[in-house]
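Attaching a single structure in structure tokens format; questions to follow.
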Amino acid sequence: MKTLLVLALLLLSVSVQAKVYDRCEFARILKKSGMDGYRGVSLANWVCLAKWESDFNTKAINHNVGSTDYGIFQINSRYWCNDGKTPKAVNACHISCKVLLDDDLSQDIECAKRVVRDPLGVKAWVAWRAHCQNKDVSQYIRGCKL
């Protein structure tokens, strides 16, 4: 019985571990998903954004006053996803915030595309404005076999 309990705890700990992408692996996924140049945002800018928002961690969560940011792109629960806790959430991406925490980036990418279609575009991300805007971001994809 004790062995089963230890095994169950080990399996549980494995299932909740985050996927932390290598920058080049992440860049390849974005490129394959049509993100390079999407709405004028270069692949290097997307990679820079994710580096500074989550350090490429799919399980990144940051709590703000009145909302929470989720996943590799730090999608906000006030405007883009539904976490069931944020009052008056818009949920413009029509998704649960939980799906932004798994290793499948397809919904994260689709929601990020939705964010940049809004008037603010990529400027919606504070980390992008602080670390990527008007900077040489080529280093974020340098050496990647794209």
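Just so it is clear, glycine is given a Cβ too, placed from its N, Cα and C backbone atoms.
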Need the cross-check against Swiss-Prot: the disulphide partner of CYS97, picked from CYS81, CYS111, CYS132.
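So the cysteine that Swiss-Prot bonds to CYS97 would be CYS81.
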So CYS48 is in a disulfide according to Swiss-Prot. Which of these is its partner: CYS132, CYS144?
CYS132
Which one is it, among the recorded positions GLU53, ASP69, CYS132, that lies nearest to CYS93 (disulfide bond) by Cα separation?
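Result for CYS93 (disulfide bond): the nearest of the recorded positions is ASP69.
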By the DSSP assignment reduced to helix, strand and coil, which category contains CYS97 (disulfide bond)?
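In three-state terms, CYS97 (disulfide bond) counts as helix.
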Can you grab the distance from CYS97 (disulfide bond) over to GLU53 (active site)? Cα atoms, rounded to a whole Å.
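That comes out at 16 Å between the alpha carbons.
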